[in-house]
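Here is what TrEMBL says about this protein:
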- 16-40: transmembrane segment (TRANSMEM)
- 52-72: transmembrane segment (TRANSMEM)
- 84-101: transmembrane segment (TRANSMEM)
- 107-131: transmembrane segment (TRANSMEM)
- 152-173: transmembrane segment (TRANSMEM)
- 193-211: transmembrane segment (TRANSMEM)
- 242-260: transmembrane segment (TRANSMEM)
- 280-299: transmembrane segment (TRANSMEM)
- 308-326: transmembrane segment (TRANSMEM)
- 332-350: transmembrane segment (TRANSMEM)
- 362-382: transmembrane segment (TRANSMEM)
- 394-412: transmembrane segment (TRANSMEM)
Amino acid sequence: MKTMAPDRVISPARQLALIALFFFLFGFVTWINGALIPYLRIACQLAEWQTYLVTFAFYIAYTVASLPAVGFLQKVGTVKGIQAGLLLMAAGCLVFLPAAMERTYAWFLVGLFLLGTGLTILQIAVNPYVTVLGPHHRAAQRMSIMGACNKFAGMLAPLIFGAILLTQAASGLENTLSKDMSEGQLQALANRVIVPYAILAAFLTMLALLVSKAGLPPIQLIANQQASEYQPLSESAYSRRAALGFMAIFCSVGAEVVAGDTIGNYGLYHGLSISLSAKLTSATLTSMMVGYLVGIVITPRLVGQSRAFLLSNLLGMLLLGAVIIAPGKFSVFAVASLGFANALLWPAIWPQTLRGLGGKQLHHASALLIMGIAGGAIMPLLYGWAATILDNRWAYLIIAPCYLYNMWFWYAGHIETRLLRKEAYTNQE
C-alpha cells in the first residue's frame with residue numbers, strides 16, 4: 001500500500017483542525033438533503049414516499065462504495081484518495097445543473113449518489129484519524145468535537161439553502177400550495193438549486209487542489225503503534241465486533257436521518273408553513289449540536305463514553321414516546337429533540353469497534369462502519385412506507401428497535417471489555 005510521506009508533518013492539534021474542516025464539509029453536504037426533500041416533492045411533483053429516495057440515493061452509496069473505496073485508498077494512498085473523493089463530490093454537484101434545467105428527478109438522484117460515493121471515500125480516509133490521534137479513552141470526546149463541526153455545518157446548510165437561496169420560491173409556494181402550479185412556476189423552483197450547487201462544486205474542486213499541502217501523517221503508522229499496546233484480536237472476535245459495530249452505525253445513522261430529514265414533511269403534516277418546515281432540519285441539528293457540546297464537556301471527565309452511549313439511547317426512547325403522545329407542534333419539537341439523544345451515538349461506536357485494531361483490520365472495520373451509514377438510506381424509506389400505512393406520527397416508532405439494538409451493542413461491548421481485562425490480568429500472572 002502506498003502511504004504518504006509529506007515533507008512536513010503538522011502538529012496533532014493542526015491535524016485535528018484540518019480533519020474538523022472535513023467534518024464541517026461532510027455536514028454541509030449531507031444535511032442540505034433536509035431542505036431538498038420538501039422542495040423536490042413539489043418541483044418534481046412527487047408522492048411522499050418518492051421524496052425519501054433523496055436519502056436512499058445518497059446513503060446507499062456508502063454501502064455500494066465502501067469496500068471498493070478501501071482497495072482504492074490502499075492503492076493510491078490517503079491524500080490522493082481524499083482528492084478523488086472531493087472531485088467526485090464536485091461532479092455530483094454539477095449533475096444538479098442539468099437535473100434542474102430538465103426538472104428530471106432521476107438526474108437529481110444520480111447527483112446525490114455521486115455525492116454520497118465521494119463522501120464514502122472521504123469518511124473511510126478521515127474517520128480513523130479521529131480515533132487514533134490521541135488516547136483511546138478520549139476518542140469519544142474527539143469524535144464529539146468533530147460531530148459538533150459536522151452538525152454546525154448541518155445547521156447552516158438548510159438555513160442557507162432553504163431561507164436565503166430559495167426564499168422567493170418559498171414565498172411563491174405559500175400562495176399556490178392549494179392550487180395546481182404551472183410548469184413555469186415548477187421550473188423556476190427547480191432552477192433555484194443551480195447556483196448553490198455550482199458554488200459548492202467550485203469550492204470542492206479548490207479544496208481538492210489544496211489538500212496535498214495538508215501534511216497528514218500515514219494513518220497506518222499511528223494505528224499500528226497503538227495496536228501494539230493491545231492484545232491482538234482473533235479473527236472470530238474481530239468479525240463479531242465489526243458486525244456488531246456495523247449494525248450499531250446502521251441503527252444510529254438511521255435514527256439520526258429519520259429525525260433530521262423527515263421533520264420537514266412532519267411540520268407540513270401539522271400545518272406549518274413550507275418556509276418554516278424547510279428549516280426544521282436545522283432545529284434537529286441544533287439540538288444535536290447541543291448534545292455534542294454536552295458530550296465534549298462530560299466525557300470522559302464526568303461520564304465514561306460507554307455509559308454516555310447507554311444514557312443517550314434511553315433518552316431516545318423517552319423522546320420517542322413524547323413524539324407519539326404530544327399534541328401538534330409539541331410533537332414536532334420532540335422530533336427535533338431526538339437530535340440531542342442521537343448526538344453521542346456515533347462518537348461512542350467508532351472507538352469501541354476500532355479499539356486495538358491495526359493493519360488490514362483497521363481499514364476493513366472502518367469500511368464496514370461506513371457501510372452501516374446505509375441505515376440513512378433504508379430507515380427514511382421505511383418511515384415513508386409506515387407513514388402511508390399508519391400516519392406520519394406513528395411512523396416514528398420504526399426507530400424504536402434502533403435504540404433497543406444499541407443497548408444490546410453497549411451490553412456486548414461491556415462484556416467484551418470485562419473479558420479482555422480478565423485475560424490481560426491472567427497473562428500478567
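Glycine is treated like the rest: Cβ placed from N, Cα and C.
Any TrEMBL annotation is an automated prediction that lacks curation.
Between the transmembrane segment (394-412) and the listed ranges 16-40, 84-101, 107-131, 242-260, 280-299, the one holding the most Cβ pairs under 8 Å is 242-260.
Counting Cβ pairs under 8 Å that are 6 or more residues apart, the transmembrane segment (280-299) and the transmembrane segment (16-40) reach 3 or more and are in contact. The stretches the transmembrane segment (193-211) and the transmembrane segment (332-350) do not meet in space: the count of Cβ pairs below 8 angstroms, excluding pairs fewer than 6 apart in sequence, stays at fewer than three. By the Cβ criterion (distance under 8 Å, sequence gap of 6 or more), the transmembrane segment (16-40) is not counted as touching the transmembrane segment (332-350), fewer than 3 such pairs being found. Same-chain residues lying 6+ beyond the ends of the transmembrane segment (332-350) with a Cβ under 8 Å from its Cβ atoms: 127, 130-131, 139-141, 143-144, 146-147, 151, 245, 248-249, 252-253, 255-256, 259-260, 262-263, 266-267, 270, 272, 280, 283-292, 294-295, 299, 305-306, 308-309, 312-313, 315-316, 319-320, 322-323, 326, 369, 396, 406, 409.
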